[in-house]
Amino acid sequence: MNETPPFCGQELVTFSKFYAQHVHGYASLMICIVGSVANIINIIVLTRKDMISPTNVVLTGLAIADLAVLLDYVPYTCHIYLRPSSHSIRDRYTYGWALLVLWHSNFSQVFHTISIWLTVVLAVWRYIAVAYPQKNRDWCKMENTYKAVIAGYIVCPVLCIPVFLSFDVTPTMELLDDNGFQTKNDSLGTNITVYVVTMSNAEIIKENILQELNFVIYSVVFKLTPSVLLTILSLRLVCALVETKKRRQKLTSSLTRKNAKNVEKEKQTDRTTRMLLAVLILFLVTEVPQGILGSLTLLFGQTFFKDCYQKLGDIADILALTNSAINFSVYYMMSRQFRTTFKSLLSYNTDPSRKHFRLNEANNHTTTQMTHV
């Protein structure tokens, strides 16, 4: 009897296996290390006194969430993808390692959702700044910005509750030989309990209610809805940039000192808007495919999930990790203020004269204190 071919073809199965075994572990580890350093730099630069602004507060919150996602993925990828082949199943599937996998599943979903929330906030804040500049100071003031960022860190874990309930650590029996590897020979093997992360055994899960709810929340609420909103806002921002360019050209023809200041201010606004558009586009490239895959899973069921969705899981992960790691490059290339602040921090820490100045300042301060004793 012929077996039913995989839903998305045997080629995808072959590619998925090759990529997981030979590429994903090393690629994801490298991205996590580089991206973690980059996000730490983002946080340091964006929190400088002269960099504080509503937009940069949101970008700082985004960098913290991205950093959490990248750091969390390091032990996971080392355990799942970079274990040597000599590492036995008995040692690989302990209860402790299963808890780590479950923790990673929940933790990464929460902080990735926070990143999505903050990306939407970033787009809304920028659209208000461009389309309603007269309302910007009231609507997007620092107080409201802090509230929006903190709300993301509070609301997103609540939205992820169906994810927490959908998976659990499950004990299962495996026939293993003396070295801890699988065997089919009963005389050479012993039944050993190993632990894996599977769908929860709760009754609501058995009826597929929570599982379907999980996919609805994941694909529609977390992916497609933000993607549609960001696409609309991105198009509005592009239109606003075009209008600003036309208005600047008219001003240039009758340029006065006052108009010159306005033109320079608009140019700075345009640069910031272009930078944030790049961030939004990178987000869309990452999230839209995952939202589509989740929607197709709801349409075609478990067959599509096993043969297609899961086989593309590692590709989705590497895209998400890249998106979390790449923002430093975007800021550095497209924001003059970010470059200036970053370079000043480097020069401040590496310039011997500044170190000498700080040392003399400290000595003078100590001498002054001793004089007044």
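Glycine residues also receive a Cβ, built from the backbone N, Cα and C atoms like all the rest.
Unlike curated records, TrEMBL annotations are generated automatically.
What TrEMBL lists as domain 'G-protein coupled receptors family 1 profile' is 38-331.
For 25-45 (among others), the entry in TrEMBL reads transmembrane segment.
Here TrEMBL flags 57-76 (among others) as transmembrane segment.
Feature annotation from TrEMBL assigns transmembrane segment to 110-128 (among others). Using a Cβ-Cβ cut-off under 8 Å and counting only residues 6 or more beyond its ends in the same chain, the transmembrane segment (110-128) has close neighbours at 54-55, 58-59, 61-62, 65-66, 68-69, 72, 135-136, 139-140, 145, 148-149, 151-153, 155-157, 159-160, 222-223, 226, 229-230, 233-234, 236-237, 240, 272-273, 276, 279-280, 283, 287, 320, 324.
The transmembrane segment annotation in TrEMBL covers 148-167 (among others).
The transmembrane segment annotation in TrEMBL covers 215-242 (among others).
Sequence-distant contacts of the transmembrane segment (275-300) (same chain, six or more residues past either end, CB-CB distance under 8 Å): 7, 55, 116, 119, 122-123, 126, 212, 215-216, 218-220, 222-224, 226-227, 230-231, 233-234, 237-238, 308-309, 312, 316, 319-320, 322-323, 326-327, 330-331, 334-335. The transmembrane segment feature in TrEMBL is assigned to 275-300 (among others).
Summarising the annotation, TrEMBL assigns transmembrane segment to 315-334 (among others).
Sequence-distant contacts of the transmembrane segment (315-334), counting only residues of its own chain at least 6 positions beyond either end whose CB sits under 8 Å from a CB of the stretch, comprise 19, 24, 27-28, 31-32, 34-36, 38-39, 41-42, 45, 59, 62-63, 66-67, 69-70, 73, 112, 115, 271, 274-275, 278-279, 282-283, 285-286, 289-290, 293, 342.
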